[in-house]
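According to TrEMBL, the protein carries these features:
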type: BINDING; residues: C:Arg48; note: NADP(+) binding site
type: BINDING; residues: C:Arg125, C:Ser126, C:Ser127, C:Asn239, C:Ala240, C:Gly280, C:Lys295, C:Pro296, C:Val297, C:Ala298, C:Thr299, C:Arg321; note: FMN binding site
4 protein chains.
Amino acid sequence: MAGNSFGKIFKLTTFGESHGIAIGGIIDGCPAGLSLDFDAINTEMQRRKPGQSAIVTQRKEEDQIKFLSGIFEGKTTGTPIGFTIENTDQKSKDYSHIKDIYRPSHADFTYDKKYGIRDYRGGGRSSARETACRVVAGAIAKQLLQNLQITAYVSSVGEINLNKSYSEVDFSEIEKNPVRCPDPQMAKKMEEYIKSIKKQGDTVGGIITCVIKNMPVGLGDPVFDKLHAQLGKAMLSINAVKGFEFGSGFAGTAMKGSEHNDTINPDETTKSNYSGGIQGGISNGEDIYFNVAFKPVATIMQKQKTIDSKGNKAIAEGKGRHDPCVVPRAVPIVEAMAALVLADFWLLNKITKL
Amino acid sequence: MAGNSFGKIFKLTTFGESHGIAIGGIIDGCPAGLSLDFDAINTEMQRRKPGQSAIVTQRKEEDQIKFLSGIFEGKTTGTPIGFTIENTDQKSKDYSHIKDIYRPSHADFTYDKKYGIRDYRGGGRSSARETACRVVAGAIAKQLLQNLQITAYVSSVGEINLNKSYSEVDFSEIEKNPVRCPDPQMAKKMEEYIKSIKKQGDTVGGIITCVIKNMPVGLGDPVFDKLHAQLGKAMLSINAVKGFEFGSGFAGTAMKGSEHNDTINPDETTKSNYSGGIQGGISNGEDIYFNVAFKPVATIMQKQKTIDSKGNKAIAEGKGRHDPCVVPRAVPIVEAMAALVLADFWLLNKITKL
Amino acid sequence: MAGNSFGKIFKLTTFGESHGIAIGGIIDGCPAGLSLDFDAINTEMQRRKPGQSAIVTQRKEEDQIKFLSGIFEGKTTGTPIGFTIENTDQKSKDYSHIKDIYRPSHADFTYDKKYGIRDYRGGGRSSARETACRVVAGAIAKQLLQNLQITAYVSSVGEINLNKSYSEVDFSEIEKNPVRCPDPQMAKKMEEYIKSIKKQGDTVGGIITCVIKNMPVGLGDPVFDKLHAQLGKAMLSINAVKGFEFGSGFAGTAMKGSEHNDTINPDETTKSNYSGGIQGGISNGEDIYFNVAFKPVATIMQKQKTIDSKGNKAIAEGKGRHDPCVVPRAVPIVEAMAALVLADFWLLNKITKL
Amino acid sequence: MAGNSFGKIFKLTTFGESHGIAIGGIIDGCPAGLSLDFDAINTEMQRRKPGQSAIVTQRKEEDQIKFLSGIFEGKTTGTPIGFTIENTDQKSKDYSHIKDIYRPSHADFTYDKKYGIRDYRGGGRSSARETACRVVAGAIAKQLLQNLQITAYVSSVGEINLNKSYSEVDFSEIEKNPVRCPDPQMAKKMEEYIKSIKKQGDTVGGIITCVIKNMPVGLGDPVFDKLHAQLGKAMLSINAVKGFEFGSGFAGTAMKGSEHNDTINPDETTKSNYSGGIQGGISNGEDIYFNVAFKPVATIMQKQKTIDSKGNKAIAEGKGRHDPCVVPRAVPIVEAMAALVLADFWLLNKITKL
């Protein structure tokens, strides 16, 4: 109810502030009998982790997951999976420079007004640190959906666009460069651009494309819980996201029906796939693909005009180690959220018909 | 659970197929003591209704709402508001031409595969007729939120774009033309384009922009139920929607943090509003604005290759009276869904702090 | 959220006041492909209906169900089943004698205080008329669970107790007498007692016992949603219910563990069944049995001291046709609620393990 | 969905097995700005703790709560309150004697059948150890409801019944004896009886009565979520509970309406209170009172016939330190669950009317 849970059947509830003792969560509704690959879970955590390359924040967070329940002899038991991740790098800092200041385009002002109280140590609950919990749950959801292939990559950084369809790129290139762009030349350009932006103490936005292959037919619920509506909500819930489009997306608005309609082949595939694998909110077996727009990170190493909590004029200036561009580290988060949505519908679909 | 409900506190559940006896719904959680303006509700229904102009479908649906409960002497009683709308134009038709055929980019194929059974009379549950129920509930939500001003309009039809910020247009022009575009010249162009498309038996997509003024600070929940995530889900759940962006949206991905950040003025307003009135998922009091992308309507008056339910090749061809462009009639639906999201958060916000 | 929905997967939401236009509901989450036996549904409605015998209220309500959606060619389609039941006997009455009066042990006072407004025509939303909708949904749930045998009967009226275990009585006798007691002699006594109470203008309470045979193992969720906790909530939500006990119940508190424990036989049955077929909140395959306590109906044909809505002293006196004892008509309601609980868990159980 | 959450607004989700690393939970929806009294929380934990007297289990569990989030400078922040309690006494034990054996009237058999896998170390998820998390959340709920007085006590142990109304006893006596019975003489008898039962290696059941004073009018939702239905579910979800009755309860079934009806006084109180403070599912301001029946603990120090997981005959025999009677330690759990139900409705009631 208060916004800290995601999913209907495979349900994740998270807790934790960026600079508290720990963050963590409960995964409730994971079926019993799933053999967990803990290395695979940790690999996902490493992909999201700070400090993994020169173009991301140099903060040190070990992001060690401690599973507390719901797993016995390596298998899920059907009972809730509780887990925590300690905030090792967060202790005994000095927050006096941000304690009373509302940083522009951060959630400081809105949290203070909504709750009348705010954990001013870093982003608190509004920090993207919370997404570490999503990656844990998403990694388990992926294992539940082992036949599906969920792949996200960076398709744009600032004004540098990949400008290629997902079918034209080589997914095996994605993890070979720190930007996570499947085109090595483009990745290099993006990397250099991010470095130059970082030098300026500035930040930049970008776009992540996500593709789901080997989709079963029939996932998604009609009307309000359409598959793309849940995917859209999942993506828009990630920090810094400003937009979501699937299939033909915004460009599809300029097309005619006679161009856009995906005629159906005798083998039940479609000739084109402007629908993005979803019709009437339900998967049709074609590839699902969508774009997620991320704004430039709000924390910049430059002086900005703002006010403090008493309404006095003030100056905000970022300190410490922040991401100049969030998209490389957001790739596993996008995949995790997609996995959560799909796991939910995959389970629900088992009880849709007699 | 099965996707037919929307909202956490102010909750709408709908039922009904396009060609059944009636559609309808239950609004549960509307506070007691709200004096309802039934004329205002009917006005919203008229805006969505077929047959209202030459550029929309000429089907005749009276869309007479029958309130069955939850209202006493003109006021809400706090008990569920049940209502039905009869399907007056839907009876005794011949559906043999679509009975077994999977129309391209419709939900025929996916419903059949998901449920193993399909009400083949028209779109059934996947028809946009269902949105009439959303307009009923949205009209009541609007009355609950009487201080807020929720305004949607058409900002693009096919390749014809308004290319103006919402602050540059005159909202009072919107309802003066059948396209619902606030710029009279542009509206004329769009109208003519829709007419030409209709003559070709084709359809075209478009974009609706929605603006919410007089927003209170503090609406929206952290993490998964961010205000824009719920708005996004609400919009993506509307038939034919392919994308959603708020504030700077996809264009914001090309900006730098130093440009994009909304510095805060001493009066708690922000200098720019790239955030689109939402920070950390919570409203900051600035105007909320977002775009919703609609694909071209799938039903076209042209022959298309497809298959029937036995896997045989078949030809689909639209018959009867369909919309050549859905955006003019979708304007009140976008407003209704926005109102539902806001009513929910407005109520939840009353119990957020002591 | 507002209390008008029941169930997690197989979900019923109801609406309607006793003297409004109609009552009705939406059943969301019924799997597709269930062939409905409408005669069986109507039979359940007849069992609950007023006027069926001399010992129940003589009100005339046809209780004609109008299904509006979710059913096609006699089968469920997986989309929501909307239905209404008109309030045929309720129109143009004179309610001036109860308009401002708070009837003792009715919900008049509490509704007025909670909502600040009250539909004073009869019981409004608090009337047991609402249970007609539960019987509709329960009858469908029963058809989903066709292998299970859910049987309720009257085991006590006032101080007249059957004093027999469910295994000692003949279920085929239940529907042969108007009290719905499986022991013909006892039924006669109860019937006469109810008649004498009615003559006095008074009312009396009673107990319904419900037995579920052919239970599958594994229904029920741990911790908060234990099978008996959901059954208890379901029963306590029925009008006039004051208590619930299952298996050994209150009497079991006086037993020792060595007597109460149900030792397990090699065929996985248990020797005794003090557990009432439920261990750790999950069915173990033995018969489930429970008792539901109903208070005497609050509407009596006698003068009672009370106050009006302005705090003035007043006299309440029942008029019209009311039940002297509610248990005979509540038997199908108890069964319906049990069926709703079981249908929910039966569906959930399909996704509990890989 | 999977049964590990309780509450609609003030929502507790728990995790953890009795012999895993830790148990814990997330409280989501507690309003911001509540100053927490941690001593009061610990006092509740001490009341539930093993080893507190000679008549309860002598296990040693420190039950140290570690709050991880949602609290800042002693106040709730409106974000989820995550907490863990380590299982300090549970490590490196030998479970070979129960590994494959289905203990009679335990959940071993049902968990194994439902999930196909079972954490055989102690009761796992079905252990009453889980209730420690409920006491944490309940203690916070109590602080939210500081004007209400929620008091539970033992009113029966085996066949020894207090046989006094709650209005005839002195609540200040409850915590002065290890049984938590408000009558010192009766408490002594119960204590001796429990000791004799313990010597026999046997166990015995009992009844807890709970009273809520200073109730506001208007808590509870109509139809399915009646205040007593939620209280009933809450109580029935506690381990070993077999029954629930409120107000006149089962005894009320033998009364006539003319005796049972609570006539209303000019000051809006009622003359009698057979309704138990609840009419139509909504509190009327009178005291709420209810009884909760607990069966004898299933673990006895005697040999019992059973089977193992392969269907072979086996002998189960309790080892170690177990409660001979659960009711003394269950008193704070009953209060905690009552507090959770009331906190939920207290918050919901703030948005019921305009």
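Glycine residues also receive a Cβ, built from the backbone N, Cα and C atoms like all the rest.
What TrEMBL annotates, mapped onto the structure for a quick look.
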residue: C:Arg48; record: NADP(+) binding site; Cβ contacts under 8 Å, 6 or more apart: C:Asp63, C:Thr131, C:Ala132, C:Val135, C:Arg329, C:Pro332, C:Ile333
residue: C:Arg125; record: FMN binding site; Cβ contacts under 8 Å, 6 or more apart: C:Gly16, C:Glu17, C:Ser18, C:Tyr111, C:Asp119
residue: C:Ser127; record: FMN binding site; Cβ contacts under 8 Å, 6 or more apart: C:Glu17, C:Ser18, C:Asn239
residue: C:Ala240; record: FMN binding site; Cβ contacts under 8 Å, 6 or more apart: C:Ala128, C:Gly205, C:Phe294, C:Lys295, C:Val297, C:Ala298, C:Val326, C:Ala330
residue: C:Thr299; record: FMN binding site; Cβ contacts under 8 Å, 6 or more apart: C:Arg103, C:His106, C:Thr203, C:Gly318, C:His322
Of all listed binding-site residues, namely C:Ala240, C:Lys295, C:Val297, those lying near chain A with CB under 8 A: none
Filtered binding-site residues - C:Ala240, C:Lys295, C:Val297 - keeping only those with Cβ under 8 Å from chain B: none
Interface-proximal binding-site residues, chain D, C-beta separation under 8 A, candidates C:Arg125, C:Ser127, C:Ala240, C:Lys295, C:Val297: C:Arg125, C:Lys295, C:Val297
C:Ala240 (FMN binding site) in three-state DSSP notation: coil
Taking residues C:Arg125, C:Ser126, C:Ser127, C:Asn239, C:Ala240, C:Gly280, C:Lys295, C:Pro296, C:Val297, C:Ala298, C:Thr299, C:Arg321, which bind FMN in the record, the widest Cα spacing (Å, whole number): 45
Count of other CB atoms lying within 10 Å of the CB belonging to C:Val297 (FMN binding site): 27
